[in-house]
Amino acid sequence: MNINLNEKQKIAVQHKRGSLLIIAGAGTGKTAVITQRILHIINSKWAKPNEILALTFTDKAAEEMLSRVDENLPLSYGDIWISTFHSFCDRILRQEGQYIGLDTNYSMMSSAQSYIFFRKNLFKFSLNKFRPHGNPTKFIDDILKHFSRLQDEDVSPTDYISFAKKLPKRTKEQKEEYADILELATVYDEYTKLKIENSKIDFGDLIILTIRLFREKPNVLKKYKERFKYILVDEFQDTNHTQNVLVNILCGLDPKNDTEKIGKINPNLTVVGDDDQAIYKFRGAAISNILQFKQLYPKAKEVVLTENYRSRQEILDASYSLISHNNPYRLEVTEKIEKRLISKIAFEEDDDVVSLVVAQDEDSEAEWVAKEILELTGYGEGNVSDRVQKFDKEGQASFVELIPDRKYKFSDIAILVRANAHADTIIKNLRYVGIPYKVGGSRGLYSRDEIKFLIAFLKVLVDYKDEISVYKLLTLPIWNISAREFIEINRLARENRVCVLEEVENLLEIRLGEVDSESIDINSSNILNKILSENARAGLSLLLTILNDSFKKIKEGKSTGEILYDFAKESGYIDSLLEEDSQQTQFKVTNISKFFNYLQEYEKNNADSNIYEYVDYLNYSIEIGESPLVDQMEMSDYDAVNILTVHSAKGLEFPCVFLVNLVSDRFPSQTRRDTIPIPDGLIQESLSGLDEKEEHLQEERRLFYVGSTRAKEKLFLTAANFYGGAKRKKKGSLFLYELLDRDISEEFNNPKVQKNDKVGSMYEAKEDSILPRDMKLSVGKRVSYSQINIYQECPKKYEYAYVLQLPSKPSASLSFGTTVHNALRDFYNMIRIAKEGLGLSDLPTEEDLVTLFNKHWVSFGYESKSHEEKRKESGEKMMKEFYKKVYKKKQVPYRLEESFTVNLKDSSFVGKIDRMDLVDTVNGVAHVEIIDYKTGKEKSKTDIKKDLQLPLYAIFAEQSLGVKVVSAKYVFVEHGSEIEVDISEKRKERASENVYEVINSIKEKDFEATPDMFKCKYCDYRHICKDAIL
């Protein structure tokens, strides 16, 4: 892909040696520059792909960067390190964590899991003031937030205790402060140790433990410093202090311990950012990192990108007027540079680019926004519902006939709010007029209806008296129970003073979980026969059968994932969704699959967890708003108005932007302090001269600036005098004065939009979110050998697994394979460490291998506890046999779990080689044998001859990893056997042809089933596949 770069961009891309600070204003092509710089470094042979580290903040940003690199690199390349900070640290700790006593098979805790873990161990901690007798859990949230902020500031437990002990204790107030801080510091230390003892860490630990590893083990740091010849950091203004320390340490400068090096080294470090777009202080981000970058690296070259390829000049000038009010705490002032953005896009003349509209009240403001959207899209005051061609089942517009020659589509328009709650009135009015819309931002997976039903089922199993969940479950359409019928059952339950399920049990004279499912007979109750239709009786009968079986499975110790999977299958829930062939359905099924993936991940990390603990975790996650985000990659593929928070709009752009609710206390928001603040003496960031209130105001101003610079052609600023029924008139936002650079009091004194200026009665939709109609699936973009294998087994199975992403049943064989692979990886890593002399003097023993096997044991997917115990016992024997028969002490593991990516036209083939052993080194090139572990049935020689995995891996390892593959073999661990694989040129050629054929078929969406009685019998999707032979 050829990208035309301007002169400043070229300078940034082509900079060869030394530090580089790229100050990239909004819309100046930041992503293109950083991607082109990576490509230029590789193509100029300054570094190999696996010698470059690029760090960013979101998985989405990392994926986008990796995708752009994929598209532009020739042929194949090694494992390029493009990732988030947390993923990078996770990778380091999994490989090297044993040096600091860390179990490298640790589990990651989310905020909800951390809360539950802390609560579970609450009385093990030396708490006094912060564990009141009347409400011992009162401060858990605040304590954990406090610890997280300490991690952001690179404050270890030792640092905190040392700080506490030095505090003065002369006055009563000082003694109280000393006691409080020492209590917190002590618990911080206890909690940190307890996590390590239990092989658990949280996201803050990832970075602070990696820093500790590098500080305490210079040999490990040396290895990574030598590996990464170039380091790039995107969105540098969003880094917190600890992330900045990590980057500096990798560059050879530890600000805490290497003060004499400050200003004297000039590493190949590129940071890209814009101080005017630093909006994550609430997450610990430190704007001082970018403001003070040149104090650490004064020799850094500075490139300022000001040519804007997004917005009209009027929008840029107004935004500059606003952000200038943050002077002198901006790079423009401190570095004496010009940051005023210059538009490089030609637009038609327009006298009304930036406009302010004030309404009498909140409803009037929302109504005006809806009306203006109708005008922009060519509907005027006409009825949108007249042009609606298709509604979804809930009555929301899912396809609107387009008006010819209209200037703007619905998807060209974004409504940006300061907080999610501010969107409610806007949404109500858009629904009222039938305008299609979609809600982005942090409204997550757990709030979606298709997921709420699954959660309701789990909650009912844990507490069948949870009437809200019972109602949600019973009103699932597949049971055919109407609202009126539910009301009748509920009325009976109230009359008898029991819960709904108890009433049903009493009417049928059964107890769920204690009877044979065959004995559940709805028709045995005359009352139920009278109040329920035939379809409803059949539905209720099925539900009671599933609940009965599920209660039994809980007693049998079945995993939550298995129980939920059986519910989804036996109830026909997923089948019912697939009956309607639409992108909306596909989106729902993808969300269900995502929910199952998160559940499986939870169970992997909490092997002894049961359904009660999982529901407890879910409840708390929902309570604190911790919910996986619904994928927003599809946001641009559906013609609907975008509703987002300003934070979630960062990085996006729209022709028309509405910034709404622009009054004081809403935007800017009120200052909020931590309940348990960090002592000032431990805070690293400081902008001298600013108090806390002014710092908050500057952050809010930057957020407003981000919002205004999302607009390409039109920026609408709206506000109202009254919100939420309040009687006190609101003041206009300070930022309106600053952005418009004029007095706005007249607009607020005489609002343009008066109360009850109705838009016109239109179709009222019921759904709270529109889903993409033409969701673009990344079919065949990144393909692995296992995907190719499944496609060749059955294209329809591939479609279910990788296109629709339907959940599959937890598999014992997959769990066992994961256990074995992880154990062998760590075993050979211990060998590598011993041979390299990095800390272990002796080679690992047979006992070490068995210990690793047990440490990595994954316990879900087994039929029963006895099944798991027997499999574990056989696995331990298998490891002993492997040590005796397969392991050879002369083997030198060259690389372990080495990833590679190969470009195949417009697709990428990705893989991971379990092990490479060094055979010889010829002219500086490593000659290796590649090994792949198999934990299933040993393949016959005929099957091995047909198998193309290792010939493919041999091709791609040579292309991307710079090695010569001289031999390859499968190790069938369970059988203690090794089988050589033919990797001749003829075999490689056949394997390569095979890959291209399969990828082409996938891209052509050829998913026709190839049913076979044996294959279908063991297929996870046999119950929903119409072609299955059963």
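Cβ coordinates come from backbone N, Cα and C, glycine included.
Listed features, source TrEMBL:
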- Ala24, Gly25, Ala26, Gly27, Thr28, Gly29, Lys30, Thr31: ATP binding site (BINDING)
- 3-312: domain 'UvrD-like helicase ATP-binding' (DOMAIN)
- 313-651: domain 'UvrD-like helicase C-terminal' (DOMAIN)
Those residues of the chain, 6+ apart, with a Cβ under 8 Å from that of Thr28 (ATP binding site): Leu305, Thr306, Glu307, Asn308, Tyr309, Leu341
For Ala24 (ATP binding site), the three-state class that DSSP assigns: strand
Per-region confidence, the domain 'UvrD-like helicase ATP-binding' (3-312) (mean pLDDT, whole number): 90
Other C-beta atoms that fall within 10 angstroms of the C-beta of Gly27 (ATP binding site): 22
Cβ neighbours within the same chain of Ala24 (ATP binding site) - under 8 Å, at least six residues apart: Lys30, Val33, Val272, Gly273, Asp274, Leu305
Coarse DSSP state, helix versus strand versus coil, of Lys30 (ATP binding site): helix
Residues close to ATP site centre defined by Ala24, Gly25, Ala26, Gly27, Thr28, Gly29, Lys30, Thr31, Cβ within 8 Å: Val33, Asp274, Leu305, Asn308, Tyr309
Other C-beta atoms that fall within 10 angstroms of the C-beta of Gly29 (ATP binding site): 23
Residue among binding-site residues Gly25, Ala26, Lys30, Thr31 with least C-beta crowding, 10 angstrom cut-off: Thr31
